[in-house]
Amino acid sequence: METDSLLTESMNGASGDYGSSSGTEDRGSPGSRRMSYSVAGQSCSVDRAPGDEELYLQQAVVFIEDAIQYRSINHRVDARSLRLYRWYYSRICQWFLGLTIAVLLLLAFVERPSSLSISSDPRFRSPAWQPPCGFTESFEMLCLLIFCLDLAVKSYLIGWEEFRKNKWLIAYTAVIVFSVIDWVLSVSMVCDERLRVRRLLRPFFLLQNSSLMKKTLKCIKRTLPEIASVILLLALHLCLFTMIGMLLFAKSEDPKRNGEWELHFKDFSSSLTSLLVLLTTANNPDVMIPAYSLNRGYSVFFVSFSVIGTYCLMNLLTAIIYNQFRGYLLMSVQTSIIRRRLGIRAAFQILSCQGAERAAEEGVAVDVMLNVMSRVQMKSYYRAAITKEVQQYADVGYMDREQFRKIFDELDKDRIKEHPPLPGYNSPVLQRLQNVFSHYYLTILGNAVALANVVSICTVLVLNSDKSTAERDNYIMEIINMCFILYYLFEMCVKIFAFGWKGYLSYRNNIFDGFLTILLLLLQITIYIIYRLPYSQWDPSSHGVMSLWEMVRLINMLIVFRFLRIIPDIKLMALVASTLLDLLKNLRAFAGILMVVFYVFAVIGIWLFEGAIKPPPNMSGLFNSSMENISSNFSMACGTYEQLGYWSNNFDDFGASIMLLYDVMIVNNWQAFMDAYSRYTTEWSKIYFVSWWLTSSVMWVNLFVALILENFIYKWDRSHSCSVTDVERIRYETSVQLMFREQIQEPTEEELICQLHQHPHLHLHW
């Protein structure tokens with residue numbers, strides 16, 4: 001039979017004997033302890049030093065917190081290090097570190113070229129405020145000093161042996177050192193340098209601070225080779241049809257038949273670009289109109305290209321990206337689950353000798369576990385659920401290894417929100433009213449009234465759409481709004497009467513309704529205070545704090561927003577809404593990676609194209625004039641950057657760069673930007689825009705769409721048998737780990753024991 005180990009751990013957290021199995025520690029030396037026990041539970045003896053029992057509890061608490069957060073347990077476990085470790089991962093400390101990263105990234109909007117101007121259009125843009133040299137650099141150096149402290153704490157907590165094996169921390173060190181050197185050069189040049197290379201490295205701080213983001217990035221990196229074959233096939237498809245197109249639309253002797261050649265197939269570069277844009281459907285059907293007007297047979301070429309490229313290869317690429325990325329993400333999630341099981345197993349290993357004095361076999365005492373759970377930092381409802389499970393073993397007095405593991409299965413369960421009981425009334429009349437006002441039909445009636453309110457607002461808006469705000473009769477609208485607001489107030493009061501304050505506030509849709517009702521009532525009272533009682537001769541243009549029209553418009557927008565109350569009452573809509581909320585909460589890693597890519601491409605775009613496009617001097621007065629005022633020497637072909645008036649989309653500052661990249665990611669008219677910058681700079685600029693299209697639109701958007709589908713299907717399967725009320729009661733908080741829970745294999749006991757013995761600071765010996 002396999003016997004368990006000798007568990008020893010140096011109180012000072014020394015890691016010099018990492019990987020040692022000789023068990024040569026001196027039992028009598030100060031600050032050391034020795035525990036021995038058998039897996040079969042035959043014996044457990046502890047030689048305690050003063051304070052060891054408290055240290056055991058601290059270690060168990062930290063290991064359980066590591067398990068909850070899917071963190072690695074390979075860190076120092078002496079008392080001082082554990083206090084530092086818990087402080088470092090406290091909410092305040094992590095929030096402060098996140099704020100530091102946000103400040104560093106946001107400096108790009110203030111640094112030269114500054115984005116602090118109302119308009120990004122160079123025709124109307126006022127000179128932006130340029131910070132003096134040393135202003136942003138001071139904040140940047142403060143952030144870098146905080147990162148140095150962060151690196152020092154992380155390095156100390158895991159030890160030198162683990163630090164040498166951690167590529168992210170080594171890269172973290174290199175990025176900080178390079179950023180400091182670049183900062184010194186920038187200050188020495190009085191902030192007059194054009195390239196700040198450290199700006200390109202700033203997103204690294206965001207990446208390295210998120211474990212899930214690092215896992216996602218690793219999955220994306222592993223996915224890239226898998227889709228190379230499809231990318232190659234797509235490139236061959238483009239090149240093949242480009243050559244066919246150049247043969248079909250070659251220059252002829254008849255100038256009337258050269259429209260397609262002149263516009264789209266003049267040379268290899270323009271031909272390839274035209275078909276690449278057609279692959280995204282952004283220039284369809286413009287690209288084929290000149291040829292199609294001459295001969296409808298030419299449409300076969302363009303239709304064949306789109307069917308094969310857009311509908312077959314691009315969708316196949318999406319499927320491959322989803323399938324391969326999902327597989328690698330599943331592997332990453334498997335690692336996270338192993339971390340959770342390892343943390344739980346380590347906590348059991350630490351606590352088992354605490355209960356061995358009271359039990360005949362290996363186990364954890366219930367009172368010890370309750371003490372540990374009272375110290376663990378976790379959500380209150382999970383703490384209550386786990387504590388309730390622990391108390392079930394109070395009669396036995398201890399839990400074995402399997403029971404200890406199972407109590408933490410509560411972390412994977414949905415939170416069932418229990419509503420407070422209805423208040424009791426002695427009067428039969430009040431009881432009957434309570435039954436009426438707490439009935440579900442009252443909610444349906446409220447939804448119908450909200451729908452009628454929205455329809456009435458829409459009707460009035462349609463009737464007054466051709467009138468200016470001064471010509472509109474807001475008297476009728478105010479009377480209608482007042483009637484509906486009074487009903488909303490009545491509904492809120494009777495629900496409070498039926499459910500009580502606590503019961504009313506236990507429903508999220510009631511909180512939403514109540515907040516908007518009170519806000520609408522306050523606005524309505526404000527209108528009557530400012531404009532007195534309603535008269536049909538009200539002057540809409542008169543101003544108090546706000547004009548009457550502005551206040552009425554605000555009320556109507558709130559009423560339209562209130563109509564969203566119907567979402568929780570329709571199962572499919574409730575699922576869709578909860579899916580979107582879960583995406584915002586739990587799939588932040590993908591948004592974070594997109595933010596990193598946006599940041600890097602925006603900085604590169606500023607380096608390459610800042611000030612490249614400048615409108616002609618005589619165009620600055622076109623804002624209030626007709627197009628005939630354009631000078632005859634300025635040509636604006638239809639569909640070009642200039643003719644479409646895209647001047648505000650440029651790389652002149654960071655904010656404008658982000659917006660231009662977003663427009664290209666949407667791919668609608670993205671060829672206008674690519675064409676403009678290739679004309680104003682060089683043909684090689686197309687590589688930048690095609691690279692951004694492949695990165696954002698092809699890779700990231702497809703990944704995000706696939707994960708939206710995965711998230712929704714997961715939630716739909718779980719709630720297929722739920723009613724609308726059940727969906728309201730169950731708080732779905734879908735994490736990536738839970739999405740793939742059914743495909744994950746549980747680690748074996750041997751695997752966990754093997755990894756525990758490899759812990760650099762808890763030395764396990766056979």
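Keep in mind that glycine also has a Cβ here, set from the backbone N, Cα and C atoms.
The compositional bias 'Polar residues' annotation in TrEMBL covers 1-23.
Per TrEMBL, the feature domain 'Ion transport' maps to 93-325 (among others).
Residues or ranges marked as domain 'Ion transport' in TrEMBL: 451-712 (among others).
Look at TrEMBL and you will find 1-36 tagged as region 'Disordered'.
The annotation transmembrane segment is assigned in TrEMBL to 92-110 (among others).
The transmembrane segment annotation in TrEMBL covers 169-190 (among others). Within the chain carrying the transmembrane segment (169-190), a Cβ under 8 angstroms from the stretch's Cβ atoms is held by residues 133-134, 137, 140-141, 144, 147-148, 151, 154-155, 158, 163, 196-198, 201-202, 204-205, 208, all 6 or more beyond its ends.
The annotation transmembrane segment is assigned in TrEMBL to 227-250 (among others).
The annotation transmembrane segment is assigned in TrEMBL to 298-322 (among others).
The transmembrane segment feature in TrEMBL is assigned to 440-463 (among others). Only residues 6 or more beyond the boundaries of the transmembrane segment (440-463), in the same chain, are considered here, and those with a CB under 8 A from a CB of the stretch are 476-477, 480, 484, 487-488, 491, 494-495, 513, 556, 559-560, 562-563, 565-566, 569.
Among the features that TrEMBL reports, transmembrane segment is placed at 475-499 (among others). Listed by sequence, the residues of this chain that lie at least six past the ends of the transmembrane segment (475-499) yet keep a Cβ under 8 A from its Cβ atoms are 419-420, 422-423, 433-434, 437-438, 442, 446, 449, 452-453, 456-457, 460, 506-507, 510, 513-514, 516-517, 520-521, 524, 527, 534-536, 538, 552, 555-556, 559, 562.
The annotation transmembrane segment is assigned in TrEMBL to 511-531 (among others).
Annotation comment: TrEMBL describes 551-568 (among others) as transmembrane segment.
As annotated by TrEMBL, transmembrane segment applies to 589-609 (among others). Nonlocal intrachain contacts for the transmembrane segment (589-609), taken as residues 6+ away from its ends with a CB within less than 8 angstroms of a stretch CB, comprise 105, 108, 113, 194-195, 199-200, 202-203, 206-207, 210, 212-213, 215-217, 220, 650-654, 657-658, 660-662, 677, 681, 685, 688, 692, 695-696, 700, 703-704, 707, 736.
Sequence annotations record features per position, and here TrEMBL assigns transmembrane segment to 687-709 (among others).
Sequence-distant contacts of the transmembrane segment (227-250), counting only residues of its own chain at least 6 positions beyond either end whose CB sits under 8 Å from a CB of the stretch, comprise 260-261, 264-265, 268, 271-272, 274-276, 279, 291, 298, 301, 304-305, 308-309, 313-314, 316-317, 320-321, 324. As a whole-number mean, the pLDDT of the domain 'Ion transport' (451-712) in this prediction is 76.
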